[in-house]
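**Student:** Structure incoming, see below.
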Amino acid sequence: MKVVLLVCLVWMMAMMELVSCECWSQADCSDGHCCAGSSFSKNCRPYGGDGEQCEPRNKYEVYSTGCPCEENLMCSVINRCQSA
């Protein structure tokens, strides 16, 4: 029984690590992603594609609701990525 519980615990920890991509800053995220979210829960998210939610780029690289758009797209006044 102890072995089964240990295996389940290790499996759950491994799954949480795979799913969670928490970040503290842009440097924690891979290419094509930004660090976005609330002060307490930031995650690496992909840059916005055409028609997706976005936030304009800023010099501090701090984003709360979404990432900037992918290259060749711009974030419109309604916070959606569109062709530049």
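For all residues, glycine too, the Cβ spot is worked out from N, Cα and C.
Marked as disulfide bond by Swiss-Prot on the basis of similarity to another entry: C23-C35, C29-C44, C34-C67, C54-C75, C69-C81. Annotation comment: Swiss-Prot describes 1-21 as signal peptide, evidence class sequence analysis.
Tell me about the surroundings of these features in the structure.
**Tutor:** Take the CB of C23 (disulfide bond) and look out to 10 A: across all protein chains shown you find 18 other CB atoms.
Look at C44 (disulfide bond): DSSP puts it in a strand.
The Cβ of C67 (disulfide bond) lies under 8 Å from the Cβ of H33, C34, A36, R45, P46, Y47, G48, C54, E55, each of which sits 6+ residues away along the same chain.
Under the DSSP three-state reduction, C75 (disulfide bond) is assigned to strand.
A strand conformation is recorded for C69 (disulfide bond) in the three-state DSSP classification.
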**Student:** For C29, C34, C44, C54, C81, listed as disulfide-bonded residues, tell me which one has the smallest number of other Cβ atoms within 10 Å.
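**Tutor:** Relative to the other disulfide-bonded residues in C29, C34, C44, C54, C81, C44 has the fewest Cβ atoms within 10 Å.
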**Student:** Taking the Cβ of C75 (disulfide bond) as reference, which residues of that chain separated by at least 6 in sequence fall under 8 Å from it?
**Tutor:** G48, C54, E55, P56, R57, P68, C69, C81
